[in-house]
Amino acid sequence: MDMEEKPKYGEPRKFDPSFKGPIQNRGCTDIVCCIIFIIAILGYLAVGILAWTHGDPRKVIYPTDSMGQFCGQGKLEKQPFLFYFNMMKCASPMVLLEFQCPTPQVCVQTCPNRTMTLITAISKPQDWEYYKSYCKEDPGHKAAAQILKEKLCPAYLVSSNPFLQRCFPSMGKKGEVITVGDQEKFSDGVNVLDAKDLMAGMKNASIVMEGRQVAMKIFEDYTKSWYWILICLLIAVVLSLIFIVLLRFLAGVMVWVMILMVVAVIAYGIAHCSIKYVSLKDTPGSNITLQQLGFQPDFAVYLHIRQTWLAFIIILAILELIIILLLIFLRNRIRVAVELMKEASRAIGYVMSSLVFPIFTFFLLAIVIAFWGVNAVFLSTSSEPVYKVFNETECVHSRETCNPENFTSSSMKSDCPHSQCLFAFYGGETPYHKYLILLQFYNVFLFFWCANFVTALGQMTLAGAFASYYWAFDKSKDMPAFPLCASLGRSLRYHTGSLAFGSLLLAIVQVIRVLLEYIDHKLKGAENKFAKFLLCCLKCCFWCLEKFIKFINRNAYIMVAIYGKNFCRSARDAFFLLMRNVVRVVVLDKVTDFILFLGKLLIVGLVGIFAFFFFSGQTDAFKGTAPSLHYYWVPILTVLVCSYLIAHGFFSVYAMCVDTLFLCFLEDLERNDGSAERPYLMSENLLNVLKKKNQAN
């Protein structure tokens, strides 16, 4: 007799009269992974202590002179500005590679406001006293030739202005002629130079600082607009709460209202962009392409180009078309999903504390992000000053490491008489500095692991609470008094290892994706098409793998919360259960996710429209109230991103509730048959949706 073939996706759940929801008598799961996670956390704290001991964030904030000292700090507190002896030396291409001009640099109290040479200043006592404040050290009574040979003082001073704590020549124009300090020409003590000779050096030095200038303007915009940003985010919170409450009582109506309002908001966006596109038709310069315009630090320039608004119209139109087509083809399934959301609304009504639980998760995530950020800053600034040989002409020792204290008597100086030993960058040769890159990698990896762990803890806690609701035959009597707290306690006490296991798998894939993005960035200029194709395939595969692991983890945590089994068994059971009901997974679960996404989109759209009209100053009602900003898109983008995160936090409760109830009623269908002995535990509405019914006793 042939042996009976086992089902491909396991046996359906059997009826168990003793099963009353999340099992109370359970043991610890995945203990080995729990121990590894605790050790990793202790190591993470050790890395933090090590970084805080060696790091110095001032290295990325303050300019550094040729000796590696911070301008405006310590004994140089009254000398906040960095002065370059010869700005024209900054025209070297090495400036863009090493971020260091091959000329002496000193910290000064103020930037020079006069133009003079060493030769003329040394003969006038009053001018000489002023001139010496821009020397590396007091030259005493040395002759001008000796001072220049030892590079104690600059050959000339040029009237300058401070920019990002650095002194740059005050460039101007008289007609078409470039001037410096209102002069077309100046002397360096030997030759008469044109003011334009300084431009190349200034250009390279300013390129290094241009990114910081944009960052400083953005920071300044935040200081002016943070109060209004918080108000916009408060509006997002209020809107999210209103939608959650309305979903509690008017789930069916609210779902269709959300859908129609999202369509309306996108339609308004298309109309607004079209009006802008047409209004710029006769504006001079508006017809140039984005490619011709190139990158501009002032992003408001792009809003005066017709092609920008055309791109917005196309993107919004495609999004609108996709949503409308999905609504047409999924209209029947949306009705089913509405009933599932109504059941989720009732579950949340019994576990009202779940609505504020995202705040707890957000708080833990904020701690993880802050710890990672502080560690990253301190690790990146824990190097020691490294000095290199700089020379204007070819030198055998060029870019070699040197010691400024004995450089003048070293063989390097004798081989290259015109060379200088200048501060180049921060590095180090100690064991700590040699393994610094590994510590930075560990910091990134633990960040992903801990962030995923916090997210997993939130998911398992909510799953346990909502499972308690579903499997309670009498909701008012059989549910625990504090289902959320009870579920959180079970998750931490018994399943820290399972949470760590699932989040570890996800962290590994995410770190690999980060490395692939880094490699892709490095190979952007490469011509090897096969390497690019292979890298693109790897990125696509790992993106899909990350999505799959997130899906499996989410359902595995639900099964762990209910049955208390280890991660692997729970993941297998959840996967098999879903595969045995694969059609229902698509019909109910994913359509519900789409509806919740539309809710997030609606909240972001409403808050984003308000933020746009407020910060752009295009509405008369806000002109006297809105702050004056360099880039008004900075607070708008911030509001959009944070509004989405806020909406996601509140709607994630609904999403987790739906996923949990979905798995529970799939098991309910397998365990029970609607008879008096084995009645379904789902609500009457769900029974009607699934065309099932309980028999009367």
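Placed from the backbone N, Cα and C atoms, the Cβ positions cover glycine too.
In terms of which side of the membrane each occupies, Swiss-Prot places Pro22 apart from Ile558. Highest local Cβ density among the glycosylation sites Asn113, Asn287, Asn391, Asn406 belongs to Asn391, counted as other Cβ atoms within 10 Å over all protein chains shown.
Counting same-chain residues at least six beyond the ends of the transmembrane segment (594-614), those with a Cβ under 8 angstroms from any Cβ of the stretch are 228, 232, 235-236, 239-240, 243, 255, 258-259, 261-262, 265-266, 268-269, 323, 326, 330, 334, 337-338, 341, 622, 625-626, 635-636, 639-640, 643-644, 646-648, 651, 654-655, 658. On the 0 to 100 pLDDT scale, the topological domain 'Extracellular' (654-697) averages 77 in the predicted structure. Between the alpha carbons (Cα) of Asn113 (N-linked glycosylation site) and Asn391 (N-linked glycosylation site) lies a span of roughly 29 Å. Across 31-51, 250-270, 310-330, 354-374, 499-519, stretch 354-374 shows the highest tally of CB pairs under 8 A with the transmembrane segment (633-653). Recorded residues Asn391 (N-linked glycosylation site) and Asn406 (N-linked glycosylation site) have their alpha carbons 17 Å apart, per Cα-Cα distance.
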